[in-house]
């Protein structure tokens, strides 16, 4: 690697969207981005699942994208969340991301309406043909109730500007099948912190990470260790972060990550937006233990 991380490889943070008094907290968001870059994060992914995109208005979505791109100022790549289960809406969000100057977009499989594999293909094909910007597919069947089959991913990989996938199926067998079926330059990023290291072992190129919100240095170092072939160090870091990885999803995400960032003083208020709710006292106690284990508090 020559010490330089290739574009769209490594530890990308699925960054939270801070709120205060019910509005986007721009100052906390800027502070969080600076915290990320100072601690080695390789890229920023705003307006994804962890960014509570489902409860952002279109104007807020653009506000967050614009602020992320302006704050990053070219220091690391920005992959903007631009997905929707309405293909026309996904095209609008993708056009907005391109206008804002995003390096790429992340587009989730259509959720709730449960399309066939052909429907999934046509959805992503329509977006790719409408907006000329590098595009990552996003497979997260635990949330969307549809799985992008490896054969469909391979078919979509034949479209020029579809350059990779965030694979959050949680199944190494499927991830292996995707890597095996797709061209060598197709970028497979883990969508789960737990599978981030093993995904790189089998040919993945990085992760879009939740734990990176609170421990960016650890995830970035683990990714760099895998690319350097230092598997002992990568494994050590994986298990060092293990308890915190569990706590990030001990309550519905991103509530634990937001509370942790509040406790660390990185953001002013760690409340998610309804229908997400703050973590309870038991989860808070466990979160604090995991944070102390990483010397975060």
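Sequential numbering from 1, following the chain as shown.
Cβ coordinates come from backbone N, Cα and C, glycine included.
Copied over from Swiss-Prot:
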| type | residues | note |
| --- | --- | --- |
| SITE | 49 | site 'Part of a proton relay during catalysis' |
| BINDING | 50, 208 | pyruvate binding site |
| SITE | 112 | site 'Part of a proton relay during catalysis' |
| ACT_SITE | 138 | active site, proton donor/acceptor |
| ACT_SITE | 166 | active site, schiff-base intermediate with substrate |
Problem - Listed in sequence order, residues with CB under 8 A of residue 49 (site 'Part of a proton relay during catalysis') and six or more positions away - result: 14, 81, 108, 140, 143, 253
Exercise for the section: Would you list, in sequence order, the recorded positions among 50, 112, 166 whose CA lies within 10 Å of the CA of the residue listed as 'active site, proton donor/acceptor'? Expected result: 166
Exercise for the section: Sort out the sequence-distant neighbours of residue 50 (pyruvate binding site) for me: same chain, 6+ apart, CB within less than 8 Å of its CB, listed by position. Expected result: 14, 15, 16, 210, 213, 253, 254, 257
Practice task
Please name the residue among the recorded positions 112, 138 whose C-beta has the most neighbouring C-beta atoms within 10 angstroms.
Solution key: 138
